[in-house]
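J.: Following this message is one structure expressed as structure tokens.
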Ligand code: C5P
């Protein structure tokens with residue numbers, strides 16, 4: 001999933017998902033299955049996407065006591081997703097338990113899915129974090145703190161905004177993955193995101209993968225929107 005443009009399949013059902021995917025007949029895609037699709041359709045959605053040859057990031061953002069997360073991850077590891085995630089706010093022990101569960105559940109001969117942690121959601125503003133989470137200081141400091149905790153727990157990387165990528169790579173190292181949502185083309189609809197960037201900016205900041213949802217899924221021509229975004233991400237001028 002490294003260097004991928006990951007499309008967020010934020011659809012309620014399989015029919016809409018299939019209709020969307022049918023517009024990409026010859027592309028090998030990296031796809032994100034989130035709560036909306038997974039909770040309404042169950043684990044079979046993962047195998048049906050994998051059977052089409054696509055990569056899957058299963059974005060369920062686990063956040064519970066360590067034992068529950070460990071057992072849940074052991075189950076998720078059997079589904080064949082390439083990447084899964086947790087909330088770093090669950091703490092180091094919870095993240096270590098997630099890794100234990102993944103190691104335990106990954107079938108013999110298969111690779112353990114990558115595991116990354118959400119730092120601060122890209123929809124969260126600094127003001128909101130200060131007031132509602134009662135975390136003082138800057139958003140960047142909070143993201144860096146969570147990224148360090150994530151590394152100490154042995155995970156592969158974090159979900160963060162593009163604006164924190166440089167600091168994270170500087171402090172933690174270039175191999176630590178930064179997966180960045182909140183991606184919009186210049187002048188595109190921001191929706192509920194606050195810390196946004198264009199694919200070009202994400203690339204110049206050194207993001208390892210970008211997650212793009214509505215800028216592609218809500219477009220009148222999703223294939224064109226995808227190809228344009230991908231070219232911008234890969235630095236190819238159309
Ligand atoms: O439509 P949009 O591009 O804003 O979608 C972003 C996707 O990335 C959504 O599926 C959302 O759940 C996910 N995400 C996010 N911010 C995070 C983690 C995940 O927006 N920090």
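Residue positions begin at 1 at the first shown residue.
Backbone N, Cα and C define each Cβ position, glycine as well.
The active site, for OMPdecase activity annotation in TrEMBL covers 59, 61, 64. Here TrEMBL flags 61 as active site, proton donor. If you look up TrEMBL, you'll see 10, 32, 59-68, 122, 184, 193, 213-214 marked as substrate binding site. Sequence annotations record features per position, and here TrEMBL assigns domain 'Orotidine 5'-phosphate decarboxylase' to 4-229.
For each feature listed, report its degree of burial, its nearest neighbours and the pertinent distances within the displayed model.
T.: The Cβ neighbour count for residue 59 (active site, for OMPdecase activity), using a 10 Å radius and every protein chain shown, is 26. When secondary structure is read from DSSP and collapsed to three states, residue 59 (active site, for OMPdecase activity) falls in the strand class.
Around the Cβ of residue 61 (active site, for OMPdecase activity), the same chain contributes 35, 85, 86, 87, 118, each under 8 angstroms and 6 or more positions distant in sequence.
With a 10 A radius on its CB, residue 64 (active site, for OMPdecase activity) counts 16 other CB atoms from all the protein chains.
Long-range C-beta contacts of residue 122 (substrate binding site), restricted to its own chain and to partners at least six residues apart, with a cutoff below 8 Å, comprise 160, 161, 180, 181, 182, 193, 194, 195, 196. Taken residue by residue with DSSP, residue 122 (substrate binding site) is part of neither helix nor strand, so it is coil.
Mean per-residue pLDDT, taken over the domain 'Orotidine 5'-phosphate decarboxylase' (4-229), amounts to 96.
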J.: So, in DSSP terms, is residue 10 (substrate binding site) helix, strand, or coil?
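T.: In three-state terms, residue 10 (substrate binding site) counts as coil.
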J.: Specify the secondary structure state of residue 64 (active site, for OMPdecase activity) as given by DSSP, simplified to three classes.
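T.: Coil, per DSSP.
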J.: If you check the recorded positions 60, 61, 63, 64, 66, 213 one by one, which have a CB less than 6 Å away from any atom of ligand 1?
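T.: Within range of ligand 1: 213.
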